[in-house]
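Colleague: Got these off TrEMBL a minute ago, pasting:
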DISULFID  Cys30-Cys178  disulfide bond
DISULFID  Cys52-Cys56  disulfide bond
SIGNAL    1-23  signal peptide
Amino acid sequence: ALQHRGLLAFLLIVLEWTQPSLPSPLRPICDLRVLNHFIKEAQDAEAAMKLCSEGCTLSDSVIVPQTTVEFDVWEKKSALAKAQEVQSGLWLLQEAFNFLRTSVTNTALHSHIDNSVRNLLSVNAVLRSLNIQEFTPPASAAEIEGTWRVSTATELLQVHINFLRGKVRLILLDAQACQQDVS
């Protein structure tokens with residue numbers, strides 16, 4: 001049941017968005033409570049990973065996106081550049097989690113890893129629904145700028161949390177479809 005909460009939350013938002021209902025100041029797809037739910041689940045996964053003592057390591061380092069945001073630099077970027085940065089980061093995280101899934105032998109952690117991947121896919125679906133151009137993955141993660149390597153599962157999960165809290169939140173706040181109409 002826990003595995004499907006993120007998907008359920010996403011589906012409820014899409015259903016509410018597509019159903020005509022009372023006027024609302026923001027489209028439900030822009031509701032940051034869903035992102036906050038994904039962040040909470042990422043924190044739960046990190047807590048479970050920290051408690052793990054056996055079968056929970058990365059067998060090799062993985063490439064992840066930078067999570068730091070220099071707001072003056074971010075604000076000057078085009079919407080397309082922001083979208084590409086976020087989508088490439090989501091792709092890197094998906095690749096890293098898929099690698100983590102093959103490295104971790106502790107089956108209790110598999111549901112957390114699978115849930116993290118599902119949530120990343122849901123975030124991608126939200127971005128597509130906001131008419132943010134689809135990302136075409138490169139042949140190699142090494143082709144993506146603004147990356148670094150982590151060598152532990154806990155570091156990967158911390159990057160995941162910070163990426164959701166930072167760049168994903170910013171792109172949702174900046175999305176044209178999520179802006180309130182000012183009359």
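Each Cβ is built from the backbone N, Cα and C atoms, and glycine gets one as well.
Unlike curated entries, TrEMBL annotations are predicted automatically.
Quick caveat, the model's predicted, so the values are computed rather than measured.
How buried are the listed features, and what sits near them?
Modeller: Sequence-distant contacts of Cys30 (disulfide bond), defined by Cβ-Cβ distance under 8 angstroms and a gap of at least six in the same chain, are Leu130, Leu172, Ala175, Ala177, Cys178.
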Colleague: So for Cys56 (disulfide bond), how many other CB atoms are inside 10 Å of its CB?
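Modeller: Looking across every protein chain shown, the total is 21.
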Colleague: Using a Cβ-Cβ cut-off under 8 angstroms and a sequence gap of six or more, which residues of the chain neighbour Cys52 (disulfide bond)?
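Modeller: For Cys52 (disulfide bond), the qualifying residues are Asn106, Ala108, Leu109, Ala153.
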